[in-house]
Amino acid sequence: MASFYSEDEKSDIESTAAGRDTPRYVPNLTSIPAMPTTPTQQQLERSMSLTTGPAKIDPKVKMAGDFRTLSIHVTDTKEGFNNPKGQKQITDISALEWHTLSATEVCTRFGVSDKVGLDGPIAARRLAKNGKNVITPPPNRWLSKIFWYIFGGFGSLLFVASIICFVAWKPLGEPAPQAPNLALAIVLLVVIAVQAIFNAWQDFSTSRVMASISGMLPADVLVIRDGHTSKIPATELVTGDIVKITLGSKVPADMRVLSCSSDLRFDRSILTGESNPISASVDATDPNFMETKNICLQGTLCTSGSGLGVVVGTGDFTVFGRIAKQASSERTGRTGLQTEILRFVLIIASMALAVAILIIILWGAWLRRDHPGFLSVSALLVDCVSVMVAFIPEGLPVAVTLSLTIIANAMRKSNILCKSLSTVESLGSVDVIASDKTGTLTLNVMTAVNVAFGVENRYSVDEALELVRKDVNGAECVKALAAIAAVCNDAEFESSKGDEPRKINGDATDVGILGFSEKVSPVSDTRSHWRECGKVAFNSKNKFAIKLVKTDSDRSPMPICPSDNFHVSDYLLAVKGAPDVLSRRCSQYMDSDGTTRSLNDAILAGISATQEEYASRGQRVLLIAKKIIRAEELDKNSLSDANALEERLIALNVDLVIVGLIALVDPPKPDTAHTVSVCRRAGIRIGMVTGDFSLTAMAIAQQVGIITNPISQVKHLTDLPKDIPLDQIAPFDRTKELGGPVKSLVLSGQEMMTMTESQWAQTMTFDELVFARTSPQQKLQIVRTFQGAGFNDAPALKQADVGVAVAGGSEVAMEAADLVLLSNFSDIIQGILMGRLCFENLKKTVLYLLPAGSWSELMPVVFNVLCGLPQALSSIQMILICVATDIGPALSLVFEKPEADLLLRKPRDRKKDRLADVKLICHAYFFIGMLESLAAMAGCVRSLDRGSGIHFSQLWLKYGGTDIDPGVLAEATNEAQSIYFFTLIMMQWANLLCTRTRRMSLFQQNPLGGPNTRNLYLFPAMIGALVIGIFFSYVQPIQNVFLTRGIKAQYFFLPLAYGFVILFADECRKWWIRKYPQSLLARIAW
């Protein structure tokens, strides 16, 4: 499963965490609390319809929105947390009192004065006891890593085989030790070393996170110690240190604010992705340690102001330290590809051990008794080694690592960065994508298209401008809307360059409404009449923005109306926000003639209907409101304290006057519908997870093809029974054909709070899903429910099987991800294609390696033991095939282009679609492998008969009891082994061409054809394999050590003829599968 979240939403998730057992000082970023099954009274109150009338809001309540997006639940699991040296473990965040205590009490507990700071000796003792203020890197565990580099995978079997060869050489080989046994032992050690080097390289390539995160922390800080201010390395900070916070400095540790200027602000985007700076205060503003403004967090940036803080957490005990630890920690469990390779290793190892044990049993129960001179103990051990060497495709680990590297580089060229080689393939098995709307599916370019005011007065922007131009009824409302949109707005125009249209910088929504304001009246003129005195920034916590402004003009500029009774000493509170949030804070509305009237249920119903109408078209709706603040309502002193003023403004944000609604449209990206369509054809479900209004989300989902059913057929929570037993809920049908009937479901965040486990299970059976007005916890719940790939949020990235971030997100999310999309949403198509192609090509690689590198090497050992024939392929030649001649062609398969139907197939089922399943192994052993073995054995028999005059009957079932001269037989065997060796090399050419495709003909997927089928690496790899075989068979010193021999020319051409037989047989098989896709042959095809 995959999920995308935009920068607007990623802060919600990255600032969310929950645990299961022991709460601690830092948040758990990988788990999520269970969803409540019953709504609280507060939730029920929040779910009231707009038509029920304005609910009274307690002026002291800071937030009346639906969700708190910075609500980090600071609990953690028992596992995965190491204490810094000497530090006492904090077991519960609720036990931390630093933000709730007064500044004096905090200093008293740390034994420090905010004027003098810590004494030097005390600081030194704390530093020695608790360790430096650094994030502890993950333990290297070099011994363990080196052990698994060497003995992981097939390494342990090969090492045992090498030891056996050494023993077979000496002492069991005495008095005439065989040099080939020693050479084989050394070659096996070389193979182990090569595999260990590749394993280490792959591991090193995935270990880059910790270094990059540590670079985000400051180097030096200003502290007060012994009454003097000095600069010390940030690593030497200890708890209780008094630190000076200045503009532009990074916070070196988690600190409790002791004093601050009124404009002290912190940018927490490095942790949360939230672009708006967070103000600081001396007093607690929230019971949550993570949300209170008198705590500044390590790694955040001071964007304005100055202050003084006392250190309350260092190193791993900071929030940033925990996130860094999570981002650099090893993912629990294995990726799909790691699981498949492990399974394949276990299958091959089990088969090798079973055959080796069988040979030992046959030797002990039969051969030693009936043919005592046939196999010595030394020869028996070498035969067992030959079995292991024969079964194990030694080149597979190298081939897999290089394959993943090549695919990762190809994905990088497609704007997809793979940070972990082992997860390159994972994107190809994604079967669900949950995507955010804004900036992912849409352009994130807002444009005002409609306005509404009074009693259901709805106009397009062009019509509204015409009202102003003609100065008719409604013009005053349009001007007031435009004025508030200009005043309560943080966007700014760039300086004009010639005739070019002026660019607007700022949030997409602010940019959209500022453009509307400029069309009605020059924004510069509107703003020139007003002076900002305070503000509350718009964010996903409160769902509204506030600006307090004042004018010095004797005239009452817009949006002041005569009915406001405005005096020059008064203030204007300009407000914009979500209609469902702000309408409950309003008590009046502005009619079309500019007069102010009382709100009633009918007017609220009209506002709700207008919002739903615009939202059903996919438009985002903002409510614009105002309030006149009399001079006596504001304490003059509060204007100088930004934090106190913000609290006061939120308290004053009641009894507002609704000026009107502005609807903005954020059009889908041009390629979004195509991307969704391709993913649907690929058998992938795409859902939308957004904070937008349900109707808006559903309309956009219909525009881009996420929802294809008519609105009347879309289901909601009320259509899901609460108590259906889980065993009676049919799982989602993965085999459903495209074009058939589909089920659509739209859920809101408030509805998700009340859902039962049965309803969640029913939700997962729908084809088309939209989750609207979702909170951070709910986004994580969705990811966990689908349990697949998480996108662009650090907790979900660590939870998912593969984490995917979109470039431009927060740095922590980028660090936690395994894959990063460097461009846009449409890149996911190429990522899925490359992921599927990676798995397909790895299957082809395994299939190519098994016939010659496993089955055809086993047959000589079987004939040697059971039939008494000389071994037709030496153990050295077996190794050469696996790690030399087969590697190049196997890697050339990595460059294969996707078959035409690859994105038309269903995602692979990880529980059923294996890297090496029974079908593939049977195809490799009993079709390709059997034909190669028979052809190679035929070459050996022909060589013995015509080259040395040794008839086959002279060796069959003789078990060494033949009258042939031993020297002649030994030389004839060496030559026959070389013929077997070259026959396999050249017949593998045919295997390579056959294995390129699963269903398509060689002529349809022409390796010399167009760019969609071309693979020019095949033929150099084939020639390279032959050259390697010639080198090891024709160089005299190598012949003397490995007992290889050159062969006659005719034995180069016979394998080509045999290869054409294999190629023809496989083409016939593929033709039958294409013509009769439901036939038995098609069902057993790999």
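The backbone N, Cα and C atoms fix where each Cβ goes, and this holds for glycine too.
Annotated features, as they stand in TrEMBL:
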{"type": "REGION", "residues": "1-45", "note": "region 'Disordered'"}
{"type": "DOMAIN", "residues": "97-170", "note": "domain 'Cation-transporting P-type ATPase N-terminal'"}
{"type": "TRANSMEM", "residues": "146-169", "note": "transmembrane segment"}
{"type": "TRANSMEM", "residues": "181-201", "note": "transmembrane segment"}
{"type": "TRANSMEM", "residues": "341-366", "note": "transmembrane segment"}
{"type": "TRANSMEM", "residues": "386-411", "note": "transmembrane segment"}
{"type": "TRANSMEM", "residues": "916-938", "note": "transmembrane segment"}
{"type": "TRANSMEM", "residues": "978-995", "note": "transmembrane segment"}
{"type": "TRANSMEM", "residues": "1016-1035", "note": "transmembrane segment"}
{"type": "TRANSMEM", "residues": "1047-1065", "note": "transmembrane segment"}
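Per DSSP, the domain 'Cation-transporting P-type ATPase N-terminal' (97-170) is made up of 44 helix, 3 strand, 27 coil. Within the chain, the transmembrane segment (978-995) has long-range Cβ neighbours (under 8 A, six or more residues past its boundaries) at 844, 847-848, 851-852, 856, 860, 872-873, 877, 880-881, 885-886, 889, 892-893, 928, 931-932, 935-937, 939-940, 943, 1002, 1007, 1018, 1021-1022, 1025-1026, 1029, 1033, 1044-1047, 1051-1052, 1054-1056, 1058-1060, 1062-1063, 1066. Across the domain 'Cation-transporting P-type ATPase N-terminal' (97-170), mean pLDDT in this model comes to 86. Two recorded stretches are said to be in contact when at least 3 C-beta pairs lie under 8 angstroms, sequence spacing 6 or more; the transmembrane segment (386-411) and the transmembrane segment (341-366) meet this definition. Counting residues 6+ beyond its ends, the transmembrane segment (181-201) has Cβ neighbours under 8 Å at 145-146, 148-150, 152-155, 158-159, 161-163, 165-166, 168-169, 173, 378, 382, 385, 389, 394, 397-398, 401-402, 875-876, 879, 883, 1041-1042 in the same chain.
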